[in-house]
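These notes are about the structure you will find just below.
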Amino acid sequence: MAGERPPLRGPGPGETPVEGPGGAGGGPGRGRPSSYRALRSAVSSLARVDDFDCAEKIGAGFFSEVYKVRHRQSGQVMVLKMNKLPSNRSNTLREVQLMNRLRHPNILRFMGVCVHQGQLHALTEYMNGGTLEQLLSSPEPLSWPVRLHLALDIAQGLRYLHAKGVFHRDLTSKNCLVRREDGGFTAVVGDFGLAEKIPVYREGARKEPLAVVGSPYWMAPEVLRGELYDEKADVFAFGIVLCELIARVPADPDYLPRTEDFGLDVPAFRTLVGNDCPLPFLLLAIHCCSMEPSARAPFTEITQHLEQILEQLPEPTPLAKMPLAKAPLTYNQGSVPRGGPSATLPRSDPRLSRSRSDLFLPPSPESPPSWGDNLTRVNPFSLREDLRGGKIKLLDTPCKPATPLPLVPPSPLTSTQLPLVASPESLVQPETPVRRCRSLPSSPELPRRMETALPGPGPSPVGPSTEERMDCEGSSPEPEPPGPAPQLPLAVATDNFISTCSSASQPWSARPGPSLNNNPPAVVVNSPQGWAREPWNRAQHSLPRAAALERTEPSPPPSAPREQEEGLPCPGCCLSPFSFGFLSMCPRPTPAVARYRNLNCEAGSLLCHRGHHAKPPTPSLQLPGARS
């Protein structure tokens, strides 16, 4: 059909990706830069906001509002994470790029991208159980096997993430989501906006600390002190989550006892734990909260210990046959055992199948628990003005260029012996062939054919068993071997998503309903007080970098040499506010002249135009437009 755009697809078997006329490659025969492939894949997975209805606000965060939506064509229920701040655009793109490359049952599944009024919004799977924080604060009974399974799910997700060479940096009970299915619970890890490549500190080389980011209650002591830190910071955050699971208390120091050096107050914490708690489970939580990072075990060993604890746990007894204690342990009763982490607790009664924290509701925020007459409650986060009591979120620079995170395995870790039960043999993971590539590792992947753009039964998403380990070193001299590009799992009629055009600009309104705001209202972008003189304090330069990101410079003369990795403008009218220069590693400004085929939203060039309809259908319920 004349005037119709050919379908977007990746290179087929035996094909070598080359640039078309006027492309960034400078002519036919040159390989396409990875930024172009990432951009084209992002355009192919775009959705319009008015493709969804039944919008219900289910939560809000520091940068976004979360809506439960239903796709009109497929009827699939998803979660739309609408970005509220234009300055957070690059962090959102980093999160989308990373989630699009992760495939694991305990990692939140990425469904697609939605663009509305110049803002990028992520579409993820819907978790009907809410957050782990909401589950623990509810009166829902949770037996010890259920809690151990939740902890194992989170540990397996983080083990997979660390194996890809990336660590989370913002692991909290707010960012762990729960799915209810078949009378049980499954936990997944989400919110990868602060994820970073695992650093490698070599002897003799200059060691520059990473930025101080995260939620203070879950941040490791070395992070709060501005020291060097790595993936072991996630282990400390996991230990705080385990303490929340064991005692069913919030991470607030008014409920979860902490020391003045941001550690866990072990004697005071044990007063919150009933005698029925499995001792290895408690010791694992204490071990993960070690002050010394080298003393914390990696997640490969943590998952092994959790699996062994589950195997050794006695069979649960029906609730009707459970003997109730005469005087159940409450938050203000019990003595404080001394002797450090190695002090033993009374042996648990094998007849008990549920935690004693299920016998009464969690404490209300108005009545913090008491830890004994001889203990003083300490909130170390209130002693520093920059932390503001811990009810904030520390950020690096929300507007810095989005550097894709390479998904490569980190260097071998030194095994750390856990002072717990005897460990089984190490989990043997099958080795997968290493494929070397020159593209940005976290760039979205292209669908091979046009079938993902049309409604109908689509292929199932690629599972973890079919993926490859990526060895994406920028200095690799080997070209990428030709082969079929893996398909991007988009939601069609099953778990995929359809390809549509860009978003319209009409405003949206949400269905009235209860709003669950689980995050504090304050956001801090700078580093802790007193670090302004340090040369590595990158967080204090956020405002100049934000202005630099929005600035557009004229394009270079045609005769100037061009590099292969250069920033490309978005070809779609929906992405005109974007520069998309941060998709590339090239620091040169974005050219002002569009060099690709125009992807405007005229009816003649749409991938899926509406036929003879005079007007596009209007949504019954609308989402509020993002502020640009």
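Including glycine, each Cβ sits where the backbone N, Cα and C put it.
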*asked:* Tell me which residue from SER348, SER439, SER509 Swiss-Prot records as phosphoserine.
replied: SER439
*Quick one: which of SER215, SER527 has phosphoserine in Swiss-Prot?*
SER215
*Averaged pLDDT score, the domain 'Protein kinase' (52-310)*: 92
